[in-house]
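Comments concern the structure below.
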Ligand code: AP5
Ligand code: ZN
């Protein structure tokens with residue numbers, strides 16, 4: 001199963017990725033997590049990406065396409081994968097087609113902008129794994145600690161309100177056109193296109209996905 005998760009920053013892509021990885025036994029490929037690891041490791045890619053990400057802008061298509069192409073070629077992707085945060089522009093989506101990387105299902109998680117801004121202030125992440133929590137809506141078992149490793153949770157640098165607003169603008173102008181791109185493919189039976197209401201509870205969104213992605 002090859003799945004794309006589409007949705008605004010904070011729509012719940014990373015959160016639902018945890019559920020879908022388990023359901024299908026496929027790896028999550030989060031370009032955001034890959035870039036954050038590169039920043040943490042201080043690689044040349046990380047140094048380049050940091051400034052762009054802190055402003056809420058997009059890293060260049062060439063860099064991202066290269067990263068994803070290498071990642072999907074790895075052995076653990078043989079049975080499928082879950083793309084979280086990619087593609088994010090029409091050229092990125094076209095790169096999947098031109099590399100003959102077909103997709104079974106595209107899932108759009110829809111959440112209005114105002115709700116997103118509220119959510120981001122409470123997000124806490126475990127950087128090493130990408131596991132994501134919310135202080136109110138999805139709290140960890142022990143405050144400030146990751147459920148699996150017990151390590152500290154942190155606040156992402158790009159979760160400040162002004163940066164979230166600019167990420168939302170970037171989403172609407174550059175990423176939202178992918179809804180029409182993949183709806184058109186679905187109309188030709190090239191993939192499924194599924195839209196879920198991301199304002200429901202985490203468990204309700206998962207249950208909806210469970211039903212729709214049988
Ligand atoms: P990335 O890491 O992909 O960020 P994003 O798309 O902005 O999405 P987020 O991770 O912020 O949100 P999410 O949808 O995963 O929500 P989450 O589950 O965490 O990208 C970061 C940056 O990297 C980009 O700005 C860009 O610079 C660069 N980048 C990455 N990919 C790129 C690409 N392809 N091309 C170019 N540049 C790229 O949930 C959010 C919060 O809400 C959490 O606290 C969670 O617990 C809570 N929550 C989740 N679901 C619910 C619910 N149903 N109810 C209540 N709360 C909920
Ligand atoms: Zn995410």
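Even glycines carry a Cβ here, placed using N, Cα and C.
The ATP binding site annotation in TrEMBL covers 10, 11, 12, 13, 14, 15, 123, 132, 133, 200. For 30-59, the entry in TrEMBL reads region 'NMP'. What TrEMBL lists as AMP binding site is 31, 36, 57, 58, 59, 85, 86, 87, 88, 92, 156, 167. Under the heading domain 'Adenylate kinase active site lid', TrEMBL lists 123-158.
Each residue in the domain 'Adenylate kinase active site lid' (123-158) gets a DSSP state, and the totals come to 2 helix, 10 strand, 24 coil.
Fewest other C-beta atoms within 10 Å: among the binding-site residues 10, 12, 14, that description fits 14. For ligand 2, the binding-site residues lying close by, meaning a CB under 6 A from one of its atoms, are 14; the full candidate list was 10, 14, 59, 86, 123. Candidate binding-site residues: 10, 14, 86, 156. Those with a Cβ under 6 Å from ligand 1, in sequence order, are 10, 14, 86. Rounded to a whole number, the distance between the Cα atoms of residue 123 (ATP binding site) and residue 86 (AMP binding site) is 21 Å. When the alpha carbons of residue 31 (AMP binding site) and residue 12 (ATP binding site) are compared, the span between them is 15 angstrom.
Annotation for the binding-site residues 31, 57: lowest Cβ count within 10 Å of the residue's own Cβ, 57.
Within 10 Å (C-alpha to C-alpha) of residue 156 (AMP binding site) lie the following binding-site residues from 10, 12, 14, 123, 133: 123.
Counting in whole angstrom, residue 123 (ATP binding site) lies 20 from residue 57 (AMP binding site) by their C-alpha atoms.
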